[in-house]
Ligand code: SF4
Ligand code: SF4
C-alpha cells in the first residue's frame, strides 16, 4: 500500500510485519506514538508500563516465553531501564527482543541530550540507526532477525526528526511469512545471573561481539555510495539526508548498524579519498570509533556537539570543512513571531497549587511533567527539576539538610508511580518531615494523555483496574494524607499552609482531571468587569494565557478561557465573573 507515515508509525508497522506479539513502554516524547500506532494491530498485546525498567523486563519476559517483543522509550528512559539492559545483554533472548529508543537532539522536550549510541557500546548490544521512516520500518524487521540470530537485545535508535517526520512510503501490510513463535525455554545457566553463570555468559557475549563485528562489516545497511567528488562523508541517521541533499556527489559511508562499528568498511572507504569528514548529531561517536581504529578524520571540528542539526547547520559545517562554498541561502527562515514561552493550559488544575506555593514562599522541588511549567514566570514556584521521581528524593535531601526553608515536593500521578513512590517510602521510614503534593490528573498529560495506573482505562481505552493513590500512600504508613480539589482554591490553600507548618511527613493529593483529557473540559468562560478592575494585576500572576491586559485593565480571551474560576478567586475586587453579565 501507499501511505504517508511518520517514523514512529513505521517502527510499529515494522514490528507488526516482523510478527512481534508483545510490546510495552513508558510514554516520552519523541517515542510515545510508537505504541499508539502499535495498539491498532490486533495481534500485538500492548500496554503502557509504570516505568521503562518495568516495560523492558516485561518485554524481555515475553521474549523468553518465545514471543517476539519490543519495548519503547525516550533516551532518558533508557537510564531507568539501564540496569535491565546491562544484564539482558548477558542473558540474551529467546524470541527476538528489540529496544526502541528515541533520542531528542535539541531537547525539544527533554532534560538532556544524551546519545543512545554510547549506551549501546557500553551495554555491548547492536544498535541500528534509521535515517527516515522507510528505513525505520525495514530496520525494525532486521532488528528482530538479528536479535534471534545473535541471541542479543537489539537497540533501534530513532531521533525526533526521524520519529516525527512524515513521508510517502510503499509497503505491504502483511506479515513477513514463515515466522513461528518459539517454545519457552527453561535454561537456568542462561537466565539466572548468579556469578558462576554470569561469568560464562560474559564469555559468550564476547564471542557474540566478534561475530557481530564481522556482520557489521558485511551487512548491506553499512554501505559505501560512490560519488564523483574526491571527498568522503561518513554519517548516520538523519544527518545522512541533510548531507546528501547538500552534497549529492560526494562519496558516502552510510552507517546503519553503528555498534559494533564497521571499521573495515571505513578503512576501505577512506583509502582513495583526499579528505573525509564525519557528520553526526550529538556525540562524536563515529569520529571516536574511527580514530580508535587508526583512521584520522575530522568531524566535531566543523559541526556542533549540541543541538539538533538542520540543513543550515550542516551546510555551515561543510563550508567550514571546505567541502562547499557557503551560500547565503537560508533553509530555515523563521518569521519574526511574537515570543511564546511555554505555559500551563488555560484552566490547568496545577495552576492554583503553584499560585499558592508562590505566595507561601516555600522551596519547591519539582519533577518531569506539565507541572515543570510552574517554574516559569509569573508562577515562578518550582526550584528544581532534574529527572523522573527526583522531586521527592531531592525534597527529602533538602528537608534533611535542615535549612531555614520550608520544603515542598510536587509530582504528578504518572511520575509518582514511575519513580516517586520509592523515595516517599524512604522519607517515611527515615522520619523526614516535609510535604509532598501529588498533582493527580489521572493521566500522563505532557506526552499526549496516555493512561497510567490511576486512569482506570488502558492504552486501547478499555476499562481496567486503577490504583487509588490515597490508599497506596496510607498503606506505606503515612498518616497525614489529604485529598483536595485544586479548583477549591481556599481549601487547597488552607491545607497546604497547614501542612508546610506541621513538622511531620504529609502527602496532599490534589485531584482534578487534565483540562485536555479525556476530552477538553470547558465551562462558561469568565470575563472582567472593567469598572471594578483596579489595575492590581493579581490575576496576571496566575499566568493564564487566556488573561490579557490593555489600557490598565485586565481582560479575558473568551475562546481560550475554560471557566476554571482561578482568576476570579484571586481578584480582590470581584471584578472577574462568570458569563455574559456585561452584555
Ligand atoms: S485581579 Fe481583578 S482587579 Fe486586579 S487586575 Fe485582575 S481583574 Fe483587575
Ligand atoms: S477562569 Fe480565569 S484562570 Fe481560568 S481559564 Fe478562564 S481566564 Fe484562565
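Residue 1 is the first one shown; counting continues down the chain.
Cβ atoms are placed via backbone N, Cα and C, with glycine included.
Now, the feature entries from TrEMBL:
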type	residues	note
DOMAIN	524-545	domain '4Fe-4S ferredoxin-type'
BINDING	533, 536, 539, 571	[4Fe-4S] cluster 1 binding site
BINDING	544, 561, 564, 567	[4Fe-4S] cluster 2 binding site
DOMAIN	552-581	domain '4Fe-4S ferredoxin-type'
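When the C-alpha distances from residue 544 ([4Fe-4S] cluster 2 binding site) to the binding-site residues 533, 536, 571 are tabulated, the minimum falls on 571.
In this structure the C-alpha atoms belonging to residue 536 ([4Fe-4S] cluster 1 binding site) and residue 564 ([4Fe-4S] cluster 2 binding site) are separated by 20 Å. In sequence order, 346, 347, 526, 542, 546, 547, 556, 562, 563, 565, 566, 568 are the same-chain residues whose CB sits within 8 A of the CB centroid of 544, 561, 564, 567, the residues recorded for [4Fe-4S] cluster 2 being left out. Counting only same-chain residues 6+ beyond the ends of the domain '4Fe-4S ferredoxin-type' (524-545), those with a CB under 8 A from a CB of the stretch are 343-347, 351-352, 355, 358, 376-379, 552-563, 565-568, 570-582.
Neighbour count (other Cβ atoms within 10 Å of the Cβ, all protein chains): 22 for residue 571 ([4Fe-4S] cluster 1 binding site). The subset of binding-site residues (561, 564, 567) lying with their Cα within 10 Å of the Cα of residue 539 ([4Fe-4S] cluster 1 binding site) consists of 567, given in sequence order. Among the binding-site residues listed (533, 536, 539, 544, 567, 571), 533, 536, 539, 571 have a CB atom closer than 6 Å to some atom of ligand 1, in sequence order. Among the binding-site residues 536, 564, 567, the residues whose Cβ sits under 6 Å from any atom of ligand 2 are 564, 567. Sorted by the number of other CB atoms within 10 A, the binding-site residues 533, 536, 539 start with 536, the lowest.
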